[in-house]
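Feature list (source: Swiss-Prot):
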type    : residues                                                   : note
BINDING : 100, 101, 102, 103, 104, 142, 197, 198                     : substrate binding site
BINDING : 142, 143, 144, 148, 149, 150, 151, 185, 444, 445, 446, 447 : FAD binding site
């Protein structure tokens, strides 16, 4: 059933993840200064499911119980649109800056479950895990990337065969795994999902695996990077105080994975095709397009308010820059709409959003985002670094700040609050991390384009040109005759 924020927080207190920060075990992330902000933010998302204003958007009813909308297995385009509306509502709460809200990976697990026959002997495990996640409404994280030890060599060619996560042995109770994965974003989750990573070569069977575990599992460790939380003040740090999700290295120190939590084992082909064959790639990208749309809307809103606030909106070059963001926003909306309107069933009967539209969005946005960020910096200019704190306004020089930092259409404190938001979106550590995240969210941009080149059906367009040239040659020969 749809969870509440209090239930999420209580689960973190009762079964905290094995979280390490600056060499120390984090015993209670709900009160830790680095993590308490994102914990409150996640709890607020769960509570939104119970708000009478949003209940019908964020949840659906099945067998007398209400579940999060991201668990709905779509049968119609209307179902897809309902899922998209729920994605967008959650994304709007944090200006599209939260990449690991639960709906992101719920979309993957839902697609896996709806296409469970793909997983052969582990099909029932996948179905059961979906029902478990849905009924408990758990938060999940995942880790896809192998440690960057030697990127020129496959997993089996690393200095230690257990640098990437691999199977050590099989027992009556399950499989024992050892190794590590990088970039587990949002470790304040109930569960961690280890799904297929990069394409595996033949002979890499011990790395061909997919499974899920509670984040509190013995032998499982999340080692955090340095925090980007600037402080507790939502005035000074409007984003990092609330949406610092944290990124981690995940270590598996001979961890037992029970058989009922194993989804793929030793099958390289299944691993390599899992996302595409099940529709998980499309459904994950559907959530992402809604998220990026919300993010682009936020940049547009901030840019427009900044320009108006300091009287810069009268200049043509400023209008041009803001219009550029509008163009990008409308492109994302078009990708999103087409993905839903041209959805088709996959081989397992799951309605899947159109991949062509989604591939367009997920290849374009990593190139758009740095430009969107740059536009905000160009509009804000020196105003983005002349930003006193909340305490300065309350201090003895407050009256001076009210005079010198006012805007054409804003009081001083309003103007500084707006520009501090723009600073947190662009120039702060949080803002810089957001750009890196967007550049590589779906992987190496060059490989992404190569994949698009290889999977996209170019034949109809090639044939049109052949026919055109053939007709042109025919006309030329007739004229010559």
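Keep in mind that glycine also has a Cβ here, set from the backbone N, Cα and C atoms.
Known features from Swiss-Prot, placed on the structure.
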residue	record	contacts (Cβ under 8 Å, 6+ apart)
101	substrate binding site	42, 45, 90, 91, 94
102	substrate binding site	45, 68, 70, 137, 138, 139, 140
103	substrate binding site	68, 69, 70, 86, 87, 90, 287
104	substrate binding site	284, 287, 288, 291
142	substrate binding site	105, 184, 192, 193, 194, 195
144	FAD binding site	181, 183, 195, 197
151	FAD binding site	none
198	substrate binding site	145, 146
444	FAD binding site	none
446	FAD binding site	none
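Here residue 149 (FAD binding site) is positioned 26 angstrom away from residue 100 (substrate binding site), judged by their C-alpha atoms. Of all Cβ atoms in the shown protein chains, 22 besides its own fall within 10 Å of the Cβ of residue 100 (substrate binding site).
Same-chain residues at least 6 positions away in sequence with a Cβ under 8 Å from that of residue 149 (FAD binding site) are, in sequence order, 158, 159, 163. Taking the Cβ of residue 197 (substrate binding site) as centre and 10 Å as the limit, one finds 21 other Cβ atoms among all the protein chains shown. DSSP assigns residue 444 (FAD binding site) to coil, not to a helix or a strand. Of all Cα pairs drawn from 142, 143, 144, 148, 149, 150, 151, 185, 444, 445, 446, 447, which the record names as binding FAD, the longest spans 23 Å.
Here the binding residues for substrate are 100, 101, 102, 103, 104, 142, 197, 198. Their largest Cα to Cα distance works out to 23 Å.
Secondary structure at residue 103 (substrate binding site), as computed by DSSP, is helix.
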